[in-house]
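A.B. asks: Take a look at this one; I'll ask things after.
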C-alpha cells in the first residue's frame with residue numbers, strides 16, 4: 001500500500017513498534033521534538049481521514065462544521081455587541097443638545113430646540129423642534145440642511161410608518177423634506193425626526209417662561225449612570241446564561257459521528273497504531289470540523305450582519321457597519337474553538353477502549369462515577385459563598401469570581417446529567433415494544449442522548465436562576481408609581497394662561513373618540529402675603545402653597561365636597577409632613593391673605609398679587625387621584641378668584657379611555673399634539689423602571705431569542721447525525737417487519753426521557769444557583785413556580801419541535817437502501 005504521507009519510503013504511525021533497522025542509527029532526537037512532530041503528523045492525518053473519507057466522511061465533517069458554525073456565529077455576534085453599544089451611545093450623545101451653561105442672548109451659532117416625543121401603538125417616537133438663530137448654527141448629525149418652518153426631516157423607518165399610518169400622520173403633519181443619515185440614528189428601526197418651528201421662545205434663567213432651550217450646538221457628555229454592584233451581578237449572570245449553552249453546543253458538535261469514528265480507530269489499531277496515536281488522529285478529525293466551523297460561523301455572521309438592518313428585537317436594531325467584533329475577542333474565539341475541539345475529543349475518548357478487533361465503552365461495563373461530577377457545582381458554590389450578603393451598596397464586585405462560580409455551577413448540571421440518565425434508564429424494564437426499543441437504545445449508549453439535551457438543560461437552569469435573581473432585585477430598579485390605571489390611563493400637563501384655557505383643552509380631549517372621562521384644573525403656587533417685602537437673604541422662608549382652580553364637577557374629583565357653587569373655596573390640609581403642615585396652618589385659613597405671585601427659584605420678582613381667602617371657605621378632605629397623588633392647599637372655583645391672576649399656571653388633566661376602543665389613546669395624543677409643544681401627555685403605569693435596567697432586560701430577551709434559535713438549530717443537526725449513524729439499524733428493523741410508526745415513536749421516547757430528566761435536573765440546578773445569587777444580594781429566597789414551569793415548557797417545546805422536524809428524514813432513513821454499505 002502507498003504511504004499515507006505521500007513519500008516513497010514507508011513511515012510508520014507514531015507509536016508503532018519498529019523492528020530491525022541495523023545498528024548504525026542516528027542519535028535519538030529530543031523527546032519534546034518527537035512529541036510535537038507526532039502531534040502535528042497525527043493531527044494532519046486525522047484531518048486527511050475526515051476530508052478523504054468519502055461521502056460518509058464529508059457528511060460527518062459538514063454536520064460538525066454546521067453545528068460549530070452556528071455557535072461561532074453567535075459568539076462573533078456577542079463579540080460585536082460591545083462595539084455596537086458603544087457606537088449607539090456615541091450617536092446618542094452626539095445628537096443631544098449641548099447645554100453646558102445658560103445662554104441668555106441669541107448669536108450667530110445658537111439655535112432654539114425643544115424635545116417633543118410621542119408613542120404610537122407602543123413604539124416610541126422622538127422628535128426635536130428646532131429654530132436656528134444664526135447662519136452658523138450647527139447641524140445635528142445625519143442632517144444636511146435645516147428643515148424649514150413647518151417642515152421636517154425624518155428617519156427612514158419613521159417615513160415608512162407615517163406613510164402607512166394616517167392617524168399618526170395627523171399628529172405629525174409636517175411635510176417631509178429629507179431623511180436623517182446613519183450618523184444621526186442609533187439603528188435603522190429608530191423613529192426620529194427634526195421639525196422646524198417659529199413658535200419656539202427661549203426660556204429665561206428661571207425656566208418658568210418660554211418653551212425652548214437656547215443651545216450652542218449638539219454633542220453632550222455621556223451621562224451613563226453607575227448602577228451599582230447588583231446591576232453588575234445581573235449583567236454577568238445574563239452573559240453566562242446566554243453564552244454557556246453556546247459553549248456546550250460547540251462541544252457537542254465536535255463529537256458528532258463518535259460511533260463511526262471509533263470503528264475507524266479500531267481499524268487503525270489493527271494496522272499497528274497505539275492508543276495515543278489513535279486519540280491524536282481522532283482529535284485531527286475533530287480539528288478539521290472545528291476549522292470549517294470557524295469558516296461557516298464567520299460566513300453566517302457576515303450574512304447575518306447584512307440582514308441585521310431588517311431585524312428588530314425588543315426595540316434593538318443596528319446597522320451592519322456598527323457590528324464589528326472586538327479584535328481581541330475574535331482572536332480568542334479563533335484560538336479557543338479548535339483547542340476546545342481537541343480537548344473535548346480527547347476527554348471523550350478517555351472512557352472508550354479502542355482495540356484492534358472492536359470498541360469497548362467503559363460506560364457499559366462500569367457505571368459512571370458521581371463524586372467528581374459533584375465537585376464542579378461544589379467548587380462554584382465555594383467561589384460564590386464568600387460573597388453572600390456583600391453585593392449591595394457601593395462595594396466593588398469581583399466579576400471573574402462571580403462568572404467562574406456561575407459557570408461551574410451550571411456546568412456541573414451538565415456533568416451530572418449523563419450519570420442521572422444512565423442511573424434512571426438502567427432501571428427501566430418491560431413495557432410495549434416502542435418503549436423497549438427506546439429504553440434499550442438509551443441503556444446501550446445514553447451518552448449521546450445526554451449530550452443532545454445538555455445545552456437545553458444548562459439554558460433552562462440558567463434561565464430559572466436568572467428569573468429568581470430578577471425577581472429578588474426588582475425592588476432596586478422597579479418602584480410602584482401609586483397610579484390606579486383602572487381609573488385613568490393618561491395625564492396631560494403644561495403651561496397655560498388661565499383656567500379657561502384648561503377648560504378648552506378638556507373639551508377638545510373629550511371630543512376625541514373613545515374618551516370616557518376627562519377632567520382638569522389649573523394649578524399654581526401662592527406664598528405668604530409679605531413675600532414681596534422680605535429681604536433677599538430671607539428667600540428660603542418662602543412657603544409654596546398650591547392653588548387649584550376649576551369648576552365644581554372637577555373639584556368634586558379632587559376632594560370630598562358636599563356642596564359647591566360658583567364662588568366656592570375649599571381648604572384641603574396636607575399630609576403629616578410637619579414643615580408643610582405648619583405653613584398651611586399659618587397662612588391657609590378662612591379670611592387669610594396669600595400672594596398669588598409665587599417666587600421663581602427662590603427669588604421674588606414683580607409685584608404682589610394679594611388675594612384674600614373667603615371667610616366662608618370650607619375644609620375638605622382630599623381624594624386619591626388616579627396618578628397616585630393627593631391634592632392639598634386651596635381648591636377654588638374661577639369665580640372665587642375674580643380678577644386675581646395666577647402666576648405661571650399649569651394644566652393638570654386626567655384622561656380615562658374606553659378599553660374597547662384600541663386607538664382611543666392615540667386619538668387623545670392627537671388632540672394633545674394640537675395644543676403645542678408646551679403641553680405634554682404621559683401614560684400612567686403601575687410601576688416605573690430605571691432605563692439601564694430596561695435596556696438589560698431588552699438585551700436579555702434579544703439574546704435569549706438568538707440562543708433559543710441556536711439551541712433548536714444545533715439540536716436538529718445533532719439529531720440528524722445520530723439518525724444517520726443508526727440508518728443501517730433502522731433499515732434492518734424495518735426489513736424484519738417493525739412498523740415505521742413504532743420506530744418513529746421510539747425516537748420520540750428516546751428524546752423525551754433524557755429531556756424530562758434534564759429538565760428536572762435543570763430545575764434543581766437553577767434553584768440552587770438562584771438561591772446563591774439571592775444570598776449574594778441579601779434577598780429572600782423565592783421560587784417563581786409558574787415561571788419555572790414556563791421555562792421548562794419552552795425548553796421541552798424546542799426539543800419536541802426539533803424531534804418532529806427530524807421525522808421526515810427518519811422516514812427516508814428507514815428505506816431498504818439503508819442496508820447498502822460502502
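Cβ atoms here come from the backbone N, Cα and C positions, even for glycine.
Take a look at what TrEMBL says about it:
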- 62-85: transmembrane segment (TRANSMEM)
- 233-254: transmembrane segment (TRANSMEM)
- 236-347: domain 'ABC3 transporter permease C-terminal' (DOMAIN)
- 286-308: transmembrane segment (TRANSMEM)
- 328-349: transmembrane segment (TRANSMEM)
- 370-388: transmembrane segment (TRANSMEM)
- 400-421: transmembrane segment (TRANSMEM)
- 450-470: transmembrane segment (TRANSMEM)
- 699-717: transmembrane segment (TRANSMEM)
- 704-814: domain 'ABC3 transporter permease C-terminal' (DOMAIN)
- 755-777: transmembrane segment (TRANSMEM)
- 789-811: transmembrane segment (TRANSMEM)
A.B. asks: What parts of the chain pack near the transmembrane segment (400-421), using Cβ distances under 8 Å and only residues at least 6 beyond its ends?
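C.D. replies: 233, 236-237, 239-241, 244, 248, 368-370, 373-374, 376-384, 386-387, 442, 446-447, 449-451, 453-454, 457-458, 461-462, 465, 753-754, 757-758, 761-762, 765, 768-769, 772-773, 776.
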A.B. asks: How many of the residues that make up the domain 'ABC3 transporter permease C-terminal' (704-814) does DSSP mark as helix, as strand and as coil?
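C.D. replies: Helix (H, G, I), strand (E, B), coil: 97 helix, 0 strand, 14 coil.
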A.B. asks: Give residue numbers and ranges for long-range contacts of the transmembrane segment (233-254): same chain, 6 or more residues beyond its ends, CB-CB under 8 A.
C.D. replies: 63-64, 66-68, 70-72, 74-75, 78, 286, 289-290, 293, 337, 340-341, 344-345, 391, 397, 399, 402-403, 406-407, 410-411, 414, 451-452, 454-456, 458-459, 462-463, 465-466, 469-470, 473, 696, 699-700, 703-704, 707, 710-711, 714, 717-718, 773, 776-777
A.B. asks: Could you tell me whether the transmembrane segment (699-717) and the transmembrane segment (789-811) have 3+ CB pairs under 8 A, leaving out pairs under 6 positions apart?
C.D. replies: yes
A.B. asks: Considering pairs 6 or more residues apart, do the transmembrane segment (755-777) and the transmembrane segment (62-85) have at least three CB pairs under 8 Å?
C.D. replies: no
A.B. asks: What same-chain residues lie close to the transmembrane segment (450-470): Cβ under 8 Å, and 6 or more beyond its ends?
C.D. replies: 233-234, 237-238, 240-242, 244-245, 248-249, 252, 255, 406, 410-411, 413-414, 417-418, 421-422, 697, 700, 704, 707-708, 711, 714-715, 718-719, 722, 751, 754-755, 758-759, 761-763, 765-771, 773-774, 777, 782-784, 787-788, 791-792, 794-795, 798-799
A.B. asks: Can you tell me how the residues of the domain 'ABC3 transporter permease C-terminal' (236-347) break down into helix, strand and coil by DSSP?
C.D. replies: 91 helix, 2 strand, 19 coil
A.B. asks: Where does the mean pLDDT land for the domain 'ABC3 transporter permease C-terminal' (236-347)?
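C.D. replies: PLDDT averaged over the stretch: 82.
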